[in-house]
Amino acid sequence: LVLSLAWLGPALGDEDKDEEVVEEEEKEKKEDEVLSDEIKEENSVLVLHEHNFARALSEHQLLLVEFYAPWCGHCQQLAPAFAQAATELRNESSPARLGKVDATAQTALATEFGITSYPTLKLFRDGNRTHPLAYTGRMDSQGIVRWMQRRAGPSATLLQDTDTAAAFVNSQDLVVVGFFQDLRGEAAQAFFEVAAEMVDVMFGVAEAAELFQAYGLSADTVCLFKKFDERQTNFPVDPARGLDTAELTRLLRVHSLQLVMEFTNETSNQIFGAKIPHHMLLFLNKSSTEQLSLRDGFRAAAGGFRGEVLFVVVDVTGHGADVLPFFGMTPADAPTLRLVKMENNHKYQMEQDNFSDSAIRTFIQEVLDGKVKPRLLSAEPPEDWDTRPVKVLVGKTFEQVAFDETKNVFVKFYAPWCPHCQAMAAAWEELAERYKDREDIVIAEMDSTANELENITIHGFPTLHYFPAGPGRKMVEYKSTRDVETFSKFLDNGGTLPVEPPVTKTPGNSTGKEDPSVPGTDESRDEL
């Protein structure tokens, strides 16, 4: 806007004076509005600032506040869902309300609540502003509504007799019931905490002796009831250790999944949200009766690995077609098996596919025991990979280039679909052009969707790593601003940024430090 006015100024003549007066009046009007503790709404969302924040806390028992930045893409993406959730909660007369704070303008609030990235959501309960609760739910309208409803009312339904218990157990495909002899005891309170977090599952609670007897229990127990696989799974409460909320959550997540999952649009969140460390995948074409029969042996192998390995069937002609490039596969490769180690996305493959349950069990155990090497993807190097200013690396050429002891190698790991990678592409080319005549510096890039490395795991795009010359296979991750001048300072200083003089405080920057989550920094990248 400033640049636009600078260009237009000479042509506008005396009219720009009138605009300045209008702008000044508008500014004064906005300042008057901000100084008031009046609470305005936008699409049912309370618009909050430092002068009305205390009033909002005093008037609303449960207040979920989004701290956002106007330029933040993730905030813009969340806005419609946040507004929809706010409308639903208001329409049902819930004590829970939603509010928002522009953290780039309300720096005092941002500092008070330790806001370092956007969007950040915090729940304030009963007017307490010293210990807000971090939001842990899904970032969609239904997830927000359910998360708030669990905190607005009882997190578990009290079951008082066998009829209400039976009706509750049969009401859903999956429910959890906690049986406790004392609902005010520590174990029951821990159970209520878990129920408040697992908003996608219905929770009930019982203390009546007749219900203990009806379900064959004699001590405090958490029971998972399902209409698939085993119908009832019991998790007894250890009298000495009590009930650990993290462990109970993990057990419920693991046992809530079917023994063998099918990868679909509806199940993908469950599959990846369960946090099971390994996934065993059977790729098949569901239109082939012969291939469908392979599921029997696959299922027979699954029981002994529950919680350690998740078994998943992937239809190569259905929803699973989209993930085939991740494995370097086509539909013609089905049927085939792959095991994925989730912490680093390493993929393991049998020397020759054998679909018997015993062969599958043996293969998995050998992978878990570290006896099988991962199969790493690698594209073929382009013929001109080293003739351009930006050198194009692939899996099979990476080692010889990145760990060349005579070169300092700066590598961009990217994904072709990543908008953040696309945004910095021109800067990377310019950087390479600047250093193309330096014998000791190499600017390179690697498509991490088509190439994998055994000892380097890429979790988001773009990721920038610097490999200094000399022995020792050293690697430095670059985490600063992504522009040519800062890149150059980093390279010219041997892989570190020189110490800069302190930044002068400016309006909207109360810390005197650069905001780590502004566009063009390491914070703005796409996660895998």
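Every residue gets a Cβ built from N, Cα and C, even glycine.
A TrEMBL annotation is a machine prediction, not a hand-curated record.
So that you can see what the record holds, here are the features copied from TrEMBL:
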- 3-153: domain 'Thioredoxin' (DOMAIN)
- 14-26: compositional bias 'Acidic residues' (COMPBIAS)
- 14-36: region 'Disordered' (REGION)
- 27-36: compositional bias 'Basic and acidic residues' (COMPBIAS)
- Cys72-Cys75: disulfide bond (DISULFID)
- 367-496: domain 'Thioredoxin' (DOMAIN)
- Cys418-Cys421: disulfide bond (DISULFID)
- 491-528: region 'Disordered' (REGION)
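Helix first, then strand, then coil: DSSP counts for the domain 'Thioredoxin' (367-496) stand at 35 helix, 28 strand, 67 coil. Sparsest Cβ environment among the disulfide-bonded residues Cys418, Cys421 (other Cβ atoms counted within 10 Å): Cys418.
Separating the Cα atoms of Cys421 (disulfide bond) and Cys72 (disulfide bond) is a whole-number distance of 16 Å. The number of other CB atoms found within 10 A of the CB of Cys72 (disulfide bond), across every protein chain shown, is 20. Note: the Cα of Cys418 (disulfide bond) and the Cα of Cys75 (disulfide bond) are spaced 18 Å from each other. Counting Cβ atoms from all protein chains shown, Cys75 (disulfide bond) has 20 others lying within 10 Å of its own Cβ.
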